[in-house]
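Structure record follows, encoded as structure tokens.
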Amino acid sequence: KHGVEILSEHDRGKGRIRFPIMPNEPTTSNIWVQNNGTEEVTLLGYRALRKQHEITFHDESKCQRLGRMLPWGEMLRAPWEGRGSMWGPQNGELPVHISLLTAGDSYLIKVRCLTQHYGYFPVTVLFEFTKEQDGPFSIGRFVSAIANSRLAEELGPIAPYRSYQANLRKTVTVTTEDGVPPDRCAGGELGWAACGQHRCPTVPGKVRITSGWHWPCRKSLAGELQFENYQKKFQLLLHLEELQMEVDIRRYDMRDVPMVKDTQNKRLLILEVPGVAENRPSVLKGDHLFVTRSEQRDLPQLIQYKGYVHAVELERVKLGFSPNLLVSFVNNLKFDVTFTFNRLPLQVQHRAVELAKKRNLGDILFPSFSYRESLLHEGGRLRLFDRSLETNQEQYDAVQQIVTGMSRPAPYIIFGPPGTGKTVTVVEAIKQVVTCIKDSHVLACAPSNSASDLLCQRLLKHLDKGSVYRINANSRDYRQVPEEIKPCCNWDDAQQCHVYPSKEKLQYYRVIITTLVTAGRLVTAGFPDGHFTHVFVDECGHAVEPECLVAIAGILTTMDRETNTNGGQLVLAGDPKQLGPILRSPLAIDHGLEVSLLERLMLHNSLYQKGAKSYNPQFVTKLLRNYRSHAAFLEIPNQQFYDGELQECADHLISYSYCTWEELPTQGFPIIFHGVSGEDQREGNSPSFFNTLEIEVLVTYLKKLLQSQGKRGRSRISPKEIGIISPYRKQVEKIRQAITKMDRDLMNLPDIKELKVGSVEEFQGQERRVLLISTVRSCTEYLSVDEDFKLGFLKNPKRFNVAITRAKALLIIVGNPAVLSKDTYWNIFLRYCIAKGGYTGCPYAEESTEEDALVEELCSLRLSTQSAGKSGTSLHPAWVRHGSPLPSSARVVGQRVGFDRLQWHFGAQEHDVWLNHAPCWCATDRPSLCGWSSRGIGVCLCKADSCCSVQ
């Protein structure tokens, strides 16, 4: 810029200088300020915008500025001319020095780096210059030092990150050839009827996704949810979600991928699909996808082959295509693949909200009263199957209220904070209903197969196996069904598939267990009104309201004292303070689809809201005794989410088993908060973040846990008792890679693959004796994106709550304290760990980030936020666009290329200054910063404009 260059042997381009270092090894590197022009340039000074303890700068003339910006008023009262910099000398600082660079001269700045830890240590440096002909200008550099371990290097990006861009599709004529679906089971006897397609309205693509608010139906979305608009609003929200799903599924499309013939069945082709084991994309038996020959992609007429999924095996799927494709097929022929998603869950949800209106379920969905009539004709104390519940008053009261049915027609809610025995309470209530109410028939549901399986497993401990039936969907892999419940499942050995028995056979069972979506099959069958007397929904908070409604509308009837005295009882169990349903559409989220039925009732219905001291026990019971965690893990969640009411009741033999572990910073406090100044990284076209330096720390702790088995009095621990949580898919992938494929000590341990690594969502409802958490983010740049799309830990209290409350005996958090402290809940937890002596790792002091420091300095200047354009004279657009904080009296009195000459009055003084608004360096991936350089020059790195300007 103006002939001046900032040079370093470690220059990475785009304004970045990156020094490699190692812990405890002092390193000195050089930066040269080079004048390659033909005129003299004065280096007024340089300044690191944020103090970084690991990096210091040294130069012969002491041009580094250490002080803070001078107040605005002081700057105006002093003459502009002759002031070398707006950063004045502070206590102990030497007077301002400058350096004159003649043509061809260079000026050496030494950069010294020293750290005790692996880490990434960035700092932004501004260099200020002035030139007689051109006036003042600035150049910025992003300087960083990186201390990487060998493992961190090996886990680094395999390819430079490139943001996803959808392929532009030319208008072509496409002919689709249908494939061969998997064989249907002949033994399905349950009646079936179509539930309607419920296709999305046809509107322009850009409007559908980016401007959904401008739909003609926007008033329906914005209005408060009531029974009158219930169907219309939820169907609109479901359409919004589906439209986003259509966009998101395109990210998984593949080009130029080979297929081979299945050696066991020559009629099937095998396609490798990375990520399919993690449902990325979700592909199940019976689904379909489309392929076209890669070599034909540019032809005006394409043949598209529809392939049906016959089997899913780890990272590959077996597909049935048209015989016309098989005739010309040779192994490793390449195809372009287009994925689809299964619309059945959406279809049954649309039908459910329709049936809610037709079946008049208003008193269940928007309850306002109770008939206070008991289903039991005899009183007395219940004899519980699980005797441990008799000493827990809250659990016993919940079971008692459910069995009597005193809340009807209103639902009954079991509010179960982490580890309080919510599912145990649900199971006991079902057993009591079956035992105490002679003609009762129960439908027990949960959003997932794993939660539904757990209900079945626990019910079989006391109920007759002939009275319990677990219905699985056709698409479920039988190998994933737990062995102990297989005898009561709808699997047919002869046909090797799941079958649906007739309605008459199903009516015989006292308890039927399904997922919420599969419950739609029972609705289709048309059971007689009143057959199901009770519907239990466990983990209700995980499901969107229309999904929960699938198990209610068309199955449960509403109690009415005159027309239906035996109306059904709905029981919802969950925790509104933990994670809700997983959604894709920001528009659907903003308009309420992510609020579960349970959460809506507890937030907006007076029957379920807490009174002065407690909830109304006729409608809701809050469980209070935590049987899972050490008291240290409950302290912050209890205060922040549960009104301080949770009681620690865990078995101390387990929960205190790591209180004397030698790695704890403080004995007796089984939490380690290990601070890591890491680096956010991405690779390829994946937008997901990972942090290799955090993985290095995780692996170190894992080795200490698993290699010190039984030593120094430590109890033995197996990999399956350890869990690792991270909110980003790519970090999960890299951690698994490190554990099972890269670290020799860990990969050779027996059962190491049983150590679960997953997202917070995958751990909800689960627990581990030892839990490690990798928070990943070390840069504030994309935190607003995380907040908008519900990613990461920050600005997501529910995700924080779930993560912290999974551990029994030991909790290890690895993350960047400077970033985590930006979040209210993480900051509280961080302060708690520091106060208790649980913090270790990189030094942490409450100091401002670059953005915070600059904001503080700008505030100290007391600048006017009024646009300078109001002075009556047109300023350069850059000043107006960024809302220049100049005095309202500022007027443009002259211009030349790249500069505006402004004059304004402050009191009796008149000020005259040239302001540089020339563009600076491209910064598409830089943080958003605002500040001022010498002589009032505004510096703005504008994220919105994908560039930065020195104004």
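Just so it is clear, glycine is given a Cβ too, placed from its N, Cα and C backbone atoms.
Just so you know, TrEMBL annotations never went through curation; they're auto-generated.
Straight from TrEMBL, the features:
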DOMAIN    1-65  domain 'Helicase MOV-10 Ig-like'
DOMAIN    100-145  domain 'Helicase MOV-10 Ig-like'
DOMAIN    217-251  domain 'Helicase MOV-10 helical'
DOMAIN    252-339  domain 'Helicase MOV-10-like beta-barrel'
DOMAIN    391-475  domain 'DNA2/NAM7 helicase helicase'
DOMAIN    503-585  domain 'DNA2/NAM7 helicase helicase'
DOMAIN    594-817  domain 'DNA2/NAM7 helicase-like C-terminal'
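Ranked by number of Cβ pairs under 8 Å to the domain 'DNA2/NAM7 helicase-like C-terminal' (594-817), the listed stretches 100-145, 217-251, 252-339, 391-475, 503-585 are led by 391-475. Contacts between the domain 'DNA2/NAM7 helicase helicase' (503-585) and the domain 'Helicase MOV-10-like beta-barrel' (252-339): absent, as fewer than 3 C-beta pairs lie under 8 angstroms at sequence separation of six or more. Across the domain 'Helicase MOV-10 Ig-like' (1-65), DSSP assigns 0 helix, 37 strand, 28 coil. This prediction places the mean pLDDT of the domain 'Helicase MOV-10 helical' (217-251) at 89.
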